[in-house]
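Engineer: Annotations for this protein, taken from Swiss-Prot, read as follows:
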BINDING   Gly18, Gly19, Gly20, Val21, Asn22, Gly105, Thr106, Gly107, Glu136, Arg140, Asp184  GTP binding site
REGION    311-399  region 'Disordered'
COMPBIAS  388-399  compositional bias 'Acidic residues'
Amino acid sequence: MAAPQNYLAVIKVIGVGGGGVNAINRMIEVGLKGVEFIAINTDAQALLMSDADVKLDVGRELTRGLGAGANPAVGRKAAEDHREEIEEVLKGADMVFVTAGEGGGTGTGGAPVVANIARSLGALTIGVVTRPFTFEGRRRANQAEDGIAELREEVDTLIVIPNDRLLSISDRQVSVLDAFKSADQVLLSGVQGITDLITTPGLINLDFADVKSVMSEAGSALMGIGSARGDDRAVAAAEMAISSPLLEASIDGARGVLLSISGGSDLGLFEINEAAQLVSEAAHPEANIIFGAVIDDALGDEVRVTVIAAGFDGGQPPSKRDNVLGSSSAKREEPTPARPSESRPSFGSLGSVKPKEEPEPAPVPEPVADLPVSPPPVPPSRTYSDSAAEELDVPDFLK
């Protein structure tokens, strides 16, 4: 007889390196339920401080438990050397979160290795990492960028939290300790926003397959968090989440959105609907929006909204460039309003002439049509090619 099957999704959260281990300590502290915590580090001393269910010292041979010295190559080698052990602790997971603070050694180098192992075992793999504060130095920032690019190749979805953005929502008197704590808190929110959807039975319940449909091979993702009290609290919290300072870009155009709304037992279905509607309007018209509502009496009259938007890789950067081009072309075409119908053809013809003359003949087209009187002075100097001369010389007259 086969053993009875466990039909609950197995979720494992792996903290890699100092930042990742600190983050899972914070998650354990606040009582994140329904997940197994694994701490992986090359620093034996930091591992001693961890409350994780499983601790893996991957630096005992390579670094003698003394850490990677902020060298990603050492972190990568340490994780590769202990690949079988990491594989063993990840076996059986349906979903794996890889969390790390990018820019150091173990997290930056080891996280892509851990993610690669998790994905090869068939788990839905989500990276939740922080980009370092500016005050941590340029070298760390450069290492972080390389690490993020590497990790993006190995995960289904990657959420990057820029620590600098935390400064914009912090008090000027905030201590360094509190700044890093708030970074851990955001990592917690990213993981909790997803795991609660799966593990906590809610008003509007979601299962693992719902989450997988949005996050499988989704590429880069954005995460926003908002909370509010009082009138229209759900809508206010949703607005705060989609315009969150933590978002490096807009969620416009996202094809997959996870929306988690938590509130006390007085949380109304109508409130949830309004908040979900607001988020759906901000996303792509064809977006797959998965939303769930969780009742948590500990929140009192507060409503908390977590939005995770994914599935717009390649869409976002071009849209920004388009805007830039749009603004410059708008400037060029300022003189055109008089005769909009002629603006396009003349712009094209000038484009071909441009290399011969000045680099800025763009304003010429419309005025040429507008001022048929301008050609007369031209013939004396150039009688042999009327049309070309007109086109090229008109800008000087206009100026």
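Just so you know, glycine gets a Cβ as well, placed from its N, Cα and C.
Here the structure is a predicted model, which means the values were calculated and not measured.
Have a look at these and tell me how they're positioned relative to everything else.
Structural biologist: Under the DSSP three-state reduction, Glu136 (GTP binding site) is assigned to helix.
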Engineer: How would DSSP class Asn22 (GTP binding site) in three states?
Structural biologist: helix
Engineer: Tell me the Cβ neighbour count for Thr106 (GTP binding site), meaning other Cβ atoms within 10 Å of its Cβ, over all protein chains shown.
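Structural biologist: Around the Cβ of Thr106 (GTP binding site), 34 other Cβ atoms lie within 10 Å.
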Engineer: Only counting partners 6 or more residues apart, tell me which same-chain residues put their Cβ under 8 Å from the Cβ of Asn22 (GTP binding site).
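Structural biologist: The answer is Gly15, Gly101, Phe180, Asp184.
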Engineer: Return the residues near Gly18 (GTP binding site) by Cβ distance under 8 Å, restricted to its own chain and a separation of at least 6 in sequence.
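Structural biologist: Those within reach of Gly18 (GTP binding site), by Cβ under 8 Å and sequence separation of 6 or more, are Asn41, Asp43, Ala46, Gly67, Gly101, Gly104, Thr106, Gly107.
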Engineer: For the binding-site residues Glu136, Asp184, work out the Cβ neighbour count at 10 Å and name the residue with the minimum.
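Structural biologist: Result for the binding-site residues Glu136, Asp184: minimum number of other Cβ atoms within 10 Å at Glu136.
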Engineer: Taking the Cβ of Gly20 (GTP binding site) as the reference point, list residues of the same chain whose Cβ is under 8 angstroms away and which are at least six residues distant in sequence.
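Structural biologist: The answer is Ile14, Ala39, Ile40, Val98, Thr99, Ala100, Gly101, Gly107, Ala111.
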